[in-house]
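Listed features, source Swiss-Prot:
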- R10, K15, T68, E69, C118, C121, H122: heme c binding site (BINDING)
Amino acid sequence: ADTKEVLEAREAYFKSLGKSMKAMTGVAKSFDAEAAKAEAAALEKILATDVAPLFPAGTSSTDLPGQTEAKAAIWTNMADFGAKGKAMNDAGAEVIAAANAGDATAFGAALQKLGGTCKACHDDYREED
């Protein structure tokens, strides 16, 4: 894949994740078990994506100014970046489990935890808009 395709795929992945978070936040406000299960299934598909190919060397905001918000720190701290990604996937698994159990309280708590993992990564590895 060329650089443009990689950047488009990376952006599409994170946009789909953001859209999923927004939808689940809506579901959590007035918990609907069936809607939660449907959103959890969508989240599960998103989180099954192998994101490693979306972060090839040479695709940071330093390399491609104005084309991406991915900081160069990702590539100099790949182990930490990977750990943050794993934390997101683990929190996502908690959201999915709570949704499938129909547990509104656990769903809300897991969703907050998932949002926290997004913020933790953005704080270190995403350029400010």
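Cβ coordinates are placed from backbone N, Cα and C, and glycine is handled just like the others.
Feature map: Swiss-Prot annotations on the structure.
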| residue | record | DSSP (3 states) |
| --- | --- | --- |
| R10 | heme c binding site | helix |
| K15 | heme c binding site | helix |
| T68 | heme c binding site | coil |
| C118 | heme c binding site | helix |
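Binding residues for heme c (R10, K15, T68, E69, C118, C121, H122) extend across at most 17 Å, taking the greatest CA-CA distance. Cβ packing within 10 Å was compared across the binding-site residues R10, K15, H122, and the lowest neighbour count falls to K15.
Under a cutoff of 8 A between CB atoms, and with a sequence separation of 6+ in the same chain, the neighbours of C118 (heme c binding site) are L17, M21, M88.
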